[in-house]
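Student: I have a structure I would like to understand better, so I am pasting it below and will then ask my questions one at a time.
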Ligand SMILES: NC(=O)C1=CN([C@@H]2O[C@H](COP(=O)(O)OP(=O)(O)OC[C@H]3O[C@@H](n4cnc5c(N)ncnc54)[C@H](OP(=O)(O)O)[C@@H]3O)[C@@H](O)[C@H]2O)C=CC1
Ligand SMILES: O=C(O)[C@@H]1CCC=N1
């Protein structure tokens, strides 16, 4: 019997905490989960929607959870750690999802031996299609804990273990990039509303196309360039569009987005 009342405890229940919680609930009973945040009204709403009981405080959440997920903004880390430091023990596992905060840095902030898993999930976790890059020192965790860590992240999508030196790149690849994809969906929809397609149809057609195209990459294993070529009939409509995208710098715009995102990761405090 575990000494902890809950298997997973979330501190912070905003966009990312809630997305992970909802995904997790597909595979985990509500009774094994808890959470804390600041706003009592919002917490009551989450409880009503999910059946997950909130803890009375961050301290209570930290004390009672085997796996403690820090789902607050990086700027809140020191406040939260200050509140929970005394009750966190090396028997627990801290899951940190903030960009730019290293495992070593987190250890220093706790000022005592803690075991940390550093991860970068994304909001599609809400619909079970998350993508999480995960980094941890394997030998610090038991076989059961490693299985639990995998089960946690897989409950709301795919996960891949990466070296910690690649975590900033993961932020660019999957943590932040859903925002870019939504911008592309919005812009592409605008571009066809211009030609008379009703807005609702435009979002549905474009979003389903993004979903289908992503599935093609994941399930055929073909190079994205090859899949693109299959759409481009010689002298056809698509190559005319592709040519315009090259002229206006789509590829370079995305590369520059990752440069800016990566650079920002190195400056998170
Ligand atoms: N949003 C995203 O796409 C992704 C975010 N992340 C990371 O996840 C973390 C959370 O981000 P996100 O969910 O977007 O942020 P939100 O602002 O949506 O949520 C933050 C949550 O933290 C709570 N909170 C703030 N201060 C405290 C405190 N002192 N004690 C307890 N709870 C507190 C807030 O509670 P209340 O509302 O009650 O004030 C809120 O529930 C960040 O580190 C972020 O970088 C990682 C990957 C993707
Ligand atoms: O924008 C941010 O800082 C967070 C981290 C990744 C996605 N959202």
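Backbone N, Cα and C atoms are what each Cβ position is placed from, and that goes for glycine too.
Automatic prediction, not curation, is the source of TrEMBL annotations.
From TrEMBL, here are the annotated features:
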type    : residues                               : note
BINDING : 11, 12, 13, 14, 15, 16, 71, 72, 73, 74 : NADP(+) binding site
BINDING : 58                                     : NADPH binding site
DOMAIN  : 7-99                                   : domain 'Pyrroline-5-carboxylate reductase catalytic N-terminal'
DOMAIN  : 164-266                                : domain 'Pyrroline-5-carboxylate reductase dimerisation'
Student: So which binding-site residues out of 15, 58, 73 are up against ligand 2, CB under 6 A?
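Tutor: None, as no Cβ falls under 6 Å.
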Student: Looking at the binding-site residues 11, 13, 15, 71, 73, which ones sit with their CA no more than 10 Å from the CA of residue 58 (NADPH binding site)?
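Tutor: For residue 58 (NADPH binding site), the binding-site residues whose Cα atoms are within 10 Å come to 11.
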Student: Need the DSSP three-state call for residue 11 (NADP(+) binding site) to compare against my parser.
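Tutor: It is in a strand.
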Student: In Å, how long is the longest CA to CA span across 11, 12, 13, 14, 15, 16, 71, 72, 73, 74, which the record gives as the NADP(+) binders?
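Tutor: Per the listed residues, the maximum Cα distance equals 14 Å.
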Student: In the structure shown, which of the binding-site residues 15, 58 has the fewest Cβ neighbours within 10 Å?
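Tutor: Comparing Cβ neighbours within 10 Å for the binding-site residues 15, 58, 15 has the fewest.
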Student: Just to verify: the residue among 11, 13, 71, 73 with the fewest other Cβ atoms within 10 Å, which of the binding-site residues is it?
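Tutor: Each of the binding-site residues 11, 13, 71, 73 was scored; lowest Cβ tally within 10 Å is 73.
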